[in-house]
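Trainee: Sharing the feature lines straight out of TrEMBL:
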- 278, 288, 323, 337, 341: CTP binding site (BINDING)
- 5-175: domain 'Flavoprotein' (DOMAIN)
- 185-395: domain 'DNA/pantothenate metabolism flavoprotein C-terminal' (DOMAIN)
- 1-189: region 'Phosphopantothenoylcysteine decarboxylase' (REGION)
- 190-398: region 'Phosphopantothenate--cysteine ligase' (REGION)
Ligand code: CTP
């Protein structure tokens with residue numbers, strides 16, 4: 001969850017500042033971009049060099065670095081951050097956050113930031129219990145910040161009790177969980193199909209199509225990025241999906257149907273992007289068909305229409321999205337599929353649009369909703385098209 005996130009770690013004056021080194025390592029390991037701001041007191045407990053080396057970024061200690069003459073722009077830093085975690089936060093900085101006192105770079109960045117802010121207090125048990133500290137905690141909570149509660153144990157003073165900063169691993173799990181919960185599709189189970197299906201003729205030949213799977217894979221990745229638990233049912237394709245996506249590989253339409261039927265009852269949202277073969281050879285030869293002098297005629301039988309089946313089984317709280325790939329009379333066919341297959345959205349691709357459809361990295365879509373309202377989109381990368389489709393889905397979810 002922390003991958004590619006821009007994170008500011010604030011470190012205040014507390015013996016627990018040594019744990020910040022571990023926290024930086026874990027954040028960097030999780031793929032986050034970390035910038036550390038040390039308060040003047042924090043710098044008495046841990047060196048900027050340690051945190052700069054671990055974070056792979058310069059450490060900010062004041063507005064103006066005397067040696068380099070560089071001005072640290074607190075507004076820019078605040079806007080850069082996707083998340084601020086102040087760990088450890090001292091009773092002093094806690095009081096500043098509660099009252100808006102802004103006398104160092106960290107408190108200025110805090111006031112400038114628009115992102116979620118988490119604080120992990122560390123102090124002696126009596127300081128922690130003090131009414132003013134608890135009032136400050138309540139105050140910063142009421143501003144929408146989140147306090148990661150301290151644990152109990154032996155404190156630097158030698159006393160036992162509450163006040164130990166949460167362990168770095170606990171902080172990472174806490175942030176992971178909080179990010180997950182803030183995602184728009186958190187807790188939603190989603191199924192996506194992608195790629196072609198191959199219908200066997202004999203052990204070495206098949207009927208297939210040119211689908212690359214790129215659109216479906218981009219959709220699965222985007223839905224996962226929005227916090228959904230995604231199961232991707234993929235026909236034969238060389239595409240790779242995000243590690244958060246559960247992938248089930250299938251070959252034929254029948255296998256895709258069986259995989260979809262087992263996953264569908266539990267899903268909240270289903271997006272059927274696969275180019276499923278409509279016909280398959282009626283019989284599959286056990287051995288390779290040998291060349292004859294005469295022509296070869298294959299009898300084809302219909303495959304099951306997976307989407308139409310899911311449309312029939314769909315419950316009121318399930319969202320079903322289908323694609324329509326057309327070459328002529330596109331909008332009418334697309335609207336027809338929306339009605340016939342009981343869809344909530346249909347995504348129209350026209351093969352008449354250059355750069356749209358199979359194999360290309362771009363796509364041009366038109367979306368129809370249940371009210372048959374039409375939204376036309378420009379040609380875009382399939383990653384951006386996936387974002388547009390997800391926005392349309394989010395409108396229904398809301
Ligand atoms: N689809 C499916 N099972 C099939 C055929 C299609 O689930 N056997 C789904 C596709 O994944 C897509 C939608 O149905 O979401 C429309 O597919 P498309 O090939 O455009 O249309 P068809 O229903 O097959 O009709 P036609 O080929 O006549 O256009």
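Note: Cβ is positioned from N, Cα and C throughout, glycine not excepted.
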Trainee: With DSSP assignments reduced to helix, strand and coil, which class does residue 341 (CTP binding site) get?
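Mentor: DSSP call for residue 341 (CTP binding site): coil, neither helix nor strand.
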Trainee: Across the listed CTP-binding residues, 278, 288, 323, 337, 341, what is the farthest Cα to Cα distance, given in whole Å?
Mentor: 38
Trainee: Of the binding-site residues 278, 288, 323, which ones put their CB under 6 Å from ligand 1?
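Mentor: Near the molecule: 278, 323.
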Trainee: Taking only same-chain residues 6+ apart in sequence, whose CB is under 8 Å from that of residue 278 (CTP binding site), what do you get?
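Mentor: Counting only residues 6 or more apart in sequence, the Cβ neighbours of residue 278 (CTP binding site) under 8 Å are 302, 303, 305.
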Trainee: Any idea what the model's mean pLDDT is for the region 'Phosphopantothenate--cysteine ligase' (190-398)?
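Mentor: For the region 'Phosphopantothenate--cysteine ligase' (190-398), the model's average pLDDT rounds to 96.
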Trainee: Across all the protein chains here, work out how many other Cβ atoms are within 10 Å of the Cβ of residue 341 (CTP binding site).
Mentor: 21
Trainee: List, in sequence order, the same-chain residues at least six positions removed whose CB sits under 8 Å from that of residue 323 (CTP binding site)?
Mentor: 272, 273, 346, 347, 348, 349
Trainee: Any idea which of the binding-site residues 288, 337 has the thinnest Cβ neighbourhood at 10 Å?
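Mentor: Counting other Cβ atoms within 10 Å of each of the binding-site residues 288, 337 gives the minimum at 288.
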